[in-house]
Amino acid sequence: MSPWQPLLLVLLALGYSFAAPHQRQPTYVVFPRDLKTSNLTDTQLAEDYLYRYGYTRAAQMMGEKQSLRPALLMLQKQLSLPQTGELDSETLKAIRSPRCGVPDVGKFQTFDGDLKWHHHNITYWIQSYTEDLPRDVIDDSFARAFAVWSAVTPLTFTRVYGLEADIVIQFGVAEHGDGYPFDGKDGLLAHAFPPGPGIQGDAHFDDDELWSLGKGAVVPTYFGNANGAPCHFPFTFEGRSYLSCTTDGRNDGKPWCGTTADYDTDRKYGFCPSENLYTEHGNGDGKPCVFPFIFEGHSYSACTTKGRSDGYRWCATTANYDQDKADGFCPTRADVTVTGGNSAGEMCVFPFVFLGKQYSTCTSEGRSDGRLWCATTSNFDADKKWGFCPDQGYSLFLVAAHEFGHALGLDHSSVPEALMYPMYHYHEDSPLHEDDIKGIHHLYGRGSKPDPRPPATTAAEPQPTAPPTMCSTAPPMAYPTGGPTVAPTGAPSPGPTGPPTAGPSEAPTESSTPDDNPCNVDVFDAIADIQGALHFFKDGRYWKFSNHGGNQLQGPFLIARTWPAFPSKLNSAFEDPQPKKIFFFLWAQMWVYTGQSVLGPRSLDKLGLGSEVTLVTGLLPRRGGKALLISRERIWKFDLKSQKVDPQSVTRLDNEFSGVPWNSHNVFQYQDKAYFCHDKYFWRVSFHNRVNQVDHVAYVTYDLLQCP
């Protein structure tokens with residue numbers, strides 16, 4: 001096998017002709033690419049498969065006659081199937097499953113020549129994106145996929161921005177420039193090249209697939225009372241199940257969704273990306289569409305592609321575009337963006353007419369396989385424009401972790417539970433199997449960090465998908481009023497506390513238990529740089545760590561003894577080094593310590609933040625007495641002297657810091673680099689040539705605290 005041949009993760013697309021009833025006569029809907037194997041018998045399908053993946057050729061080289069049996073035996077052995085030599089149901093099922101497209105070499109194997117990287121700091125560049133997921137979800141998925149391998153090896157993975165990267169990541173369709181074309185929906189999922197210069201080491205993903213986190217379309221939410229949590233599909237509202245966002249229960253036309261499985265019980269919701277909520281790009285300052293609007297003398301009551309050659313949907317943000325020239329692009333939503341059909345990438349239009357009947361949701365009518373589809377115009381009967389509604393999709397994280405294993409030099413495993421097993425299968429557990437670890441140790445040796453489980457993610461980041469090559473803009477901060485039924489509840493309050501009666505003092509706690517060791521802490525309440533030392537806060541205590549003059553760890557200390565006016569827990573802390581002010585945040589309240597005096601608690605709305613802001617994730621210092629105040633996925637400029645935010649400065653987190661988790665629970669700056677913490681991990685951001693770049697993803701305890 002040539003080392004230049006890519007590893008192709010393949011799902012054999014089985015096509016069918018599907019019938020729709022119409023006056024007792026079936027109406028056939030012809031689906032592009034569905035007919036690739038529709039006329040093949042099981043034997044013909046097996047012959048094609050065995051030839052494509054090298055089994056037939058290998059059997060011939062062993063002197064076997066033209067017979068399926070020897071090749072089937074080899075296939076069944078490689079895939080750990082019962083070795084019958086027959087084309088039985090289990091073998092056919094495997095043939096129809098997602099898998100890599102090169103000959104299988106066996107477990108613990110690497111490419112011919114034992115190809116590997118000969119340096120340990122591997123760089124990668126995300127050259128292009130899919131519109132199926134928000135960009136920071138994609139960035140996070142790739143970072144977590146690399147973390148799978150860095151956790152068990154001495155390798156580190158650094159994101160860069162340019163072709164000099166060792167691993168270049170891109171999304172493409174069909175023939176995308178490397179001589180190994182993708183073949184549409186449910187065909188080749190991805191491929192990667194073995195380590196080496198040029199195209200070697202690169203990983204490509206088929207953009208005709210639906211990329212998700214493995215549980216269906218990812219739709220972020222805004223506002224509502226779910227703090228930006230993604231939609232949960234299906235969700236129940238008034239006893240009815242919904243597979244996509246809906247306007248039911250509202251009279252303003254703004255689509256919404258439940259963020260748990262049962263809105264009727266949990267009352268958690270958010271608003272879905274919609275032109276009735278905001279627009280992207282353009283010159284309309286993110287304002288929502290105004291319908292109807294006038295363009296070239298014609299009236300439009302919905303987003304349109306008129307006047308554009310690129311197919312992007314847009315609208316005017318005033319009633320008369322001809323007069324005001326104010327416009328924006330209409331957001332897309334993964335839950336109604338179709339795949340396949342003859343309108344891939346377009347959005348379902350509801351309601352639509354099919355065989356004279358009106359449909360307000362995706363339907364399986366007219367199909368014998370039960371797959372859900374929709375029209376992308378209001379009348380399928382007239383326009384014949386359609387596509388498949390989103391399914392569960394493929395986990396970008398899992399596929400990327402598999403592909404990056406190939407990019408590091410690993411071939412396939414014959415252990416079905418291994419990440420490097422040829423077939424795709426979704427699971428939520430730690431993806432690495434002992435088989436994978438043995439293989440990567442064979443190439444690069446052991447790592448120093450335990451627990452190879454990668455950081456978890458909460459499924460989606462609350463940003464809409466942006467068209468490629470365009471920078472995203474923030475939605476307007478004028479909030480919709482009211483939910484489908486009830487208003488959100490407020491954040492918990494810690495209760496008032498009095499000013500300190502004495503100056504801060506520091507003394508370690510008297511007892512010594514395993515809990516006194518910060519290396520035993522899974523997730524800290526907050527981390528902050530105070531007086532040049534990192535302070536790690538947890539459950540009313542804190543530790544100080546400094547690497548000046550060697551690594552020095554002190555504590556634990558009692559928060560109540562050092563800062564008597566403060567509650568025992570906090571969400572974030574920040575020191576303004578010039579006047580030596582320390583800001584503490586707990587939910588919707590803030591305290592400021594200056595020497596021996598304290599100001600607070602003050603509510604966050606006194607800072608100029610809206611009442612919907614109930615958490616400060618952290619502050620990052622900037623010049624001129626300013627800071628960036630971060631609350632989950634949003635950022636404001638904050639004046640440290642007046643202690644006010646600039647309400648016009650609000651923007652999305654990914655506009656400033658691409659690639660960090662939107663749901664970081666703590667953000668701080670240390671030694672001129674920003675740290676975004678999620679779970680037990682941190683994403684480190686360096687500031688280089690005015691570009692904020694994630695340069696390291698690692699463990700808080702092992703890498704920051706230097707725990708053994």
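From the backbone N, Cα and C atoms, a Cβ is placed for every residue, glycine too.
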Correct range for motif 'Cysteine switch' (source Swiss-Prot, candidates 98-105, 538-545, 602-609): 98-105
Of the candidates CYS519, CYS677, the one sharing a disulfide with CYS707 in Swiss-Prot: CYS519
Recorded disulfide partner - CYS231, candidates CYS257, CYS272, source Swiss-Prot: CYS257
CYS303 - recorded disulfide partner, Swiss-Prot, among CYS272, CYS330: CYS330
Candidates ASP166, ASP183, ASP186, ASP248, the one Swiss-Prot lists with GLY198, GLN200, ASP202 as binding Ca(2+) 2: ASP166
Listed recorded positions (ASP132, ASP186, ASP206, GLU209, GLU403), ranked by Cβ neighbours within 10 Å, top entry: ASP206
Residue among binding-site residues ASP132, ASP186, LEU188, ASP207 with Cα closest to the Cα of GLU403 (active site): LEU188
Cβ-centroid neighbours of Ca(2+) 1 site ASP132, ASP207, GLU209, 8 Å, sequence order: THR130, GLU131, PHE171, PHE205, ASP206, ASP208, LEU210, TRP211, THR339
Rounded distance in angstrom between the Cα atoms of ASP132 (Ca(2+) 1 binding site) and ASP206 (Ca(2+) 3 binding site): 12
Per-residue Cβ crowding (10 Å cut-off), top of binding-site residues ASP183, GLY184, LEU188: LEU188
For ASP207 (Ca(2+) 1 binding site): intrachain residues, at least 6 apart, with Cβ closer than 8 Å: THR130, ASP132, PHE171, GLY172, VAL173, PHE182
DSSP-derived helix, strand and coil totals, residue by residue, for the repeat 'Hemopexin 3' (613-660): 7 helix, 21 strand, 20 coil
